[in-house]
Amino acid sequence: MATNYIFVTGGVVSSLGKGIAAASLAAILEARGLNVTIMKLDPYINVDPGTMSPIQHGEVFVTVDGAETDLDLGHYERFIRTRMTSSNNFTTGRVYEDIIRRERKGEFLGATIQVIPHITNEIKRRVIEGSKGFDIAIIEIGGTVGDIESQPFLEAIRQLGTEIGRDHTLFMHLTLVPFLGAAGEVKTKPTQHSVKELRSIGIQPDVLVCRSDRSLPATERSKIALFTNVEERAVIGLRDVDSIYKIPSMLKAQSLDDIVTKRFNLDCPEADLHEWEEVLYQESNPNGEVTVGFVGKYVELPDAYKSVNEALAHAGLKNRLTVNIRYIDSQDLETKGTSKLEDVDAILVPGGFGDRGIEGKLIAAKYARENNIPYLGICLGMQVAMIEFARNVAGLTGANSTEFDENCSDPVVGLITEWMDASGQKELRDKHSDLGGTMRLGSQECHLEKGSKALKMYGKETIEERHRHRYEVNNHYIEPLEKAGLKITGYSHDKQLVEILENPKHRWFVAVQFHPEFTSTPRDGHPLFKGFIEAAGEFHKERLG
């Protein structure tokens, strides 16, 4: 069967939730037995988000094959079973880099390189290549219609709509329908102007998804349909909700999936959304709550830790607990003490880079260890747990990471200079290598030790998890640290790199070098996060007596 394409654009304002809407539609179509993928086309000039500030851009989501991508790909994986790869996200910078490299090699035979056709052709090529083998490919265009940065992408999808034909393409446009309190009514004019802007570049939307803080009245739906030349049944209202996992059923109730399948002439069964109904039931019927102290350096923007936040919520669903996250700037622990940790039920230290706030993370790890509070360390959170234990238990007072102090007397954490990438190829780097794309990235095998908490939670000796790091535990210090009571319970497939450490004397102290948050989903959860929140629930009961 030929691939069918749904192109998703946004108008009026940014951050309308195109990614959530696209993922929710994909979830319904997948529930109808269709093989679905989603792509995100980002209009910024960066080659990828790998070196962008998390405070500006949000988290970097890592795919199975090691691509550093937009956080929307995390939404995609949480809503559908398809695993994202490097083909599912590319930027203006990536496209231009490829075209310029090919021009320097002489591949264009001296032609003048232009946005049309060279840039648009490369965009089209990547869209087609990344969509092969799927029944439906949903293509989300980042930014807002009217932005100068988005023009090459919009022109490319306009051309694809013509070349592939209407029988296999559909354009879905998200807009904002604001409510004006002074007038006491919703206003459709911004949507009308947004569609007018889209039509001016040759794209007529087939579906409008109208975001609002309330239900869209039938009269306004008719008005929007009249002025935008969109069928009234294809004007979909999408009011604000308290859980993004309600959106698939909301879109299903308005027959958006039927509009899609009829457009593409697809004969498939009705959507079975019972898994999503179970998620919503778990979410709305908790048996208790826990508070997790989340000690990070980018906490002013929760989206910097989007997948961790979601993984904690998923673990709450599986344990029937509401997870309250208390964000704590690690620098505050350095300057204001540990009072914010005193009534938490668990402590989590996530990944990060650089030495700012590192002492605060060490304080958090020490507080969890000394007070027997469940602790989960991720990536840098594992490294600080190792450093803290080395300093305060193993007697290595000069312990540190060479990332923070190249001349420390006990470098228990150091730069990885050689490793295998996700495809099995050897990678080399040193401290002078570029920052972008030079980490140990992607899904890697990890072997779990018998008798460990990790093995009990995962239920199997070999697992695969995704990585994003340059620094690793120095193997020369494993023996003295294990003699002092720490236990290494997970190694890389070649036994060269430490993946998991545990403190057997502690009720629940587990730290991992990989990023388990990237594989957690609302339907399945994740073994580590489920175990962590279960331990938090038990600690909460004991704490309250």
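In case you wondered, yes, glycine gets a Cβ from its N, Cα and C as well.
Database features (Swiss-Prot):
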- Cys379: active site, nucleophile (ACT_SITE)
- His515: active site (ACT_SITE)
- Glu517: active site (ACT_SITE)
- Ser14, Lys187, Thr188, Lys189, Pro190, Thr191, Gln192, Lys223: UTP binding site (BINDING)
- Ser14, Asp147, Ile148, Glu149, Lys187, Thr188, Lys189, Pro190, Thr191, Gln192, Lys223: CTP binding site (BINDING)
- Ser15, Leu16, Gly17, Lys18, Gly19, Ile20, Asp72, Arg239, Asp240, Val241: ATP binding site (BINDING)
- Asp72, Glu140: Mg(2+) binding site (BINDING)
- Gly352, Leu380, Gly381, Met382, Gln383, Glu403, Arg470: L-glutamine binding site (BINDING)
- 291-542: domain 'Glutamine amidotransferase type-1' (DOMAIN)
- 1-266: region 'Amidoligase domain' (REGION)
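Using Cα positions, the member of the binding-site residues Gly352, Leu380, Glu403, Arg470 nearest to Gly19 (ATP binding site) is identified as Gly352.
Once the Cα atoms of Ser14, Lys187, Thr188, Lys189, Pro190, Thr191, Gln192, Lys223, the listed binders of UTP, are compared pairwise, the greatest separation found is 23 Å. The two recorded residues, Cys379 (active site, nucleophile) and Thr191 (UTP binding site), show a Cα separation of 44 Å. Across the binding-site residues listed here (Ser15, Thr188, Gln383), the residue whose Cβ sits among the most other Cβ atoms within 10 Å is Gln383.
Each of the binding-site residues Ser14, Thr191, Gln192 was scored by other CB atoms within 10 A of its CB, and the lowest score goes to Ser14. Counting other CB atoms no more than 10 Å from each candidate's CB, the recorded positions Lys187, Lys189, Lys223, Arg470, His515 peak at His515.
A 10 Å radius around the C-alpha of Gly17 (ATP binding site) takes in none of the binding-site residues listed as Thr191, Lys223, Met382. Compute the center of the Cβ atoms of Gly352, Leu380, Gly381, Met382, Gln383, Glu403, Arg470, which mark the site for L-glutamine; besides them, the chain residues with Cβ within 8 Å of that center are Gly351, Phe353, Cys379, Val384, Ser401, Val413, His469, Tyr471.
Listed in sequence order, Lys18, Gly19, Ala23, Lys40, Phe61, Asn89, Glu140 are the same-chain residues at least 6 apart in sequence whose CB falls under 8 Å from the CB of Asp72 (ATP binding site). Ser15 (ATP binding site) sits 15 Å from Thr191 (UTP binding site), taking the Cα positions as reference. Calculated from their C-alpha atoms, the gap between Met382 (L-glutamine binding site) and His515 (active site) amounts to 11 Å. Spread of the ATP binding residues is 20 Å (greatest Cα-Cα distance among Ser15, Leu16, Gly17, Lys18, Gly19, Ile20, Asp72, Arg239, Asp240, Val241).
Shown in sequence order, the list is empty: the chain has no residue 6+ apart in sequence with a C-beta less than 8 angstroms from the C-beta of Ile148 (CTP binding site). The Cα of Glu403 (L-glutamine binding site) lies closest to that of Glu517, out of the recorded positions Ser14, Lys187, Thr188, Gln192, Glu517. For the pair formed by Glu517 (active site) and Gln383 (L-glutamine binding site), distance between Cα atoms is given as 17 Å, rounded to the nearest Å.
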